[in-house]
């Protein structure tokens, strides 16, 4: 076989120079070679081919140089292939499976020069001539199945000729493998297929080149779309289109509404719904009812004012007494009317100030208590009242107003049979009326007695309602439980009367302000002092009650004489200006809690939560503020006791989320009058700890004692509780806390209540060590004055009180402790063997 020779000479029309130096001089390749389209060289020399087969170097891939495109290759006479421009192009993908490309000498322009330079080879020339002749003969002879009948040569061209099968096998004896040329029709068909494939490949290459451009255009269009979307949204929010439009903006032609649009027809689709169906409370009706009640009360007050003015005009000026006399107006009135429902309270339990007190001046909200009891029979009672009213002096210069108290003695019959009493049967006496001293000296005053006849029951009830709702500010009512229904009952009632008008629906603060303003408008003098519950006269036993009214006058006279005159004539009492008005929500919540305390299954969880929250908020707002009024707290306590003893215990000891009760807050605010009222209730838990672990007794260390009453109050608190109780955090006692804060008065009170001075906290410290550490010399002296004080106790660090004082630099306290130690050592008791008697006996 001939050896394949690679010719590096460029094709015509391509840059570069062909040089013989491309062929090595030491190992020159044979001049005869055939190159395949993919750069493989086939050696035609048989011997060389056999040698390569043995060595395994039959096919070698060489670097393919770039050749010109189609049409650039010359068609020389030495080329038997008529379409060399298509078969020899390395850009064709279909030419990889084609047959051999036999290029003659005219294909390479320098082939002749190489042949002449290297030298002629007769063997190669004969092979070429033989191959040319065979090709011409085969082209002249018709061939029908050239492609199918040809088989590839087994001599080394299997890889390049297997797919085509152009060359028949050559006899091995000849030493040459000469391929047989295909037919012209087949070559033309192959050439057309390759040309079409090349065109298709070229189109695909052009389309591939357009892909980046199209991607760029697509990204540009997407960006424009995003900008247009943002611009469109901004125009929708602004409500008007922009004046300028960019070149790439999308123009949308939207139909515009006509200038004169047709009138749109509208209709209402609302539905009328009653508020009570929606669950909304009828506030308007409640306000209307409230206004009606206020108007009625105002009319009654105006009528009374007109009546008083008429009486003043009827009085003659010459009938007045001298200016030095006191003004006293006595009125005896017999009233008959239906019995009102009252809250019964026993006088056998509780302290003196807590027994059976009237709830009339506490507001109209207490009428809701009637719902908890059963139906009662309508009873008719008659009341004999001794009333002192206010009469302005008809002087030309000033008009002074005198405030008096109303003392009513009511005699009721439980049988329901009404009894009428004539006005003449009542013996009015001057001693039966309470004496009221004027607050300021009055220039001219006279004593008059006004006797009012018996009025109808309805009129008397209206008058009493006006008195109770408009002018009643404080009442103390004592009621005895009847042993027999036939036994008459007597109630003694003290009512402070003010001339002003108040609304029963107002709260305590509003009522207080309006009462004060009305008092100022009527006269320059403040109201008289109302007797406290302790100053009220004691009731007689029920067995000593007298059915007739003739003896009531002396009895009242004796009891009124027990009241000291200076107290009656003292200045204005702030208790008169306090008005308690229970809200309906608080009353309903208290009743609900009372039911729950009696029966835990009586309320649902939601109802219990609502009632508990309402009572907690109202009670904390009333009693836990720093400016809480003790009288208002006392009245609420009386109201709660009248409802139920369990309710009183529950409300007084109710705690907030931090575990603080009203007693905790009152002690912390140093509001000791409220503390006194809470302690007087008899149900206050004084040792209850909050979440921080402190009891009200421990919190007294933070309070400041201002008066002697405050000291007495904390003494009462200490006696009711455990003064040696420890806090849950550090184990400190009330004495340790008071010593640490330097409260000398509290320390004295605790020592007076026998507080233990030797109790140690979790660190082993005592109250004496706390005093030495903080440098409280006076408190140290108080602690050392206690005989049971042990100065030798040590803490966890092994330090005594003397060592603590020395470490803190308290030299004076250290000297006091040292002196106490020396005194103890000198007065220490001797043992038997050290006593003088034993020593003398031994001698």
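Glycine is treated like the rest: Cβ placed from N, Cα and C.
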If Swiss-Prot marks one of 25, 89, 95 as phosphoserine, which residue does it mark?
89
If you check Swiss-Prot, which of 83, 460, 473, 657 turns up marked as phosphoserine?
83
Swiss-Prot annotation phosphoserine: which of 92, 570, 792 has it?
92
Below 8 angstroms Cβ to Cβ, which residues of this chain, lying six or more residues outside the repeat 'ANK 3' (745-774), approach it?
700-701, 703, 705, 711, 714-715, 718-719, 723-724, 726, 730-736, 738-739, 780, 782-784, 786, 788-791, 793-797, 799, 801-802, 804-805, 808, 810, 813-814, 817
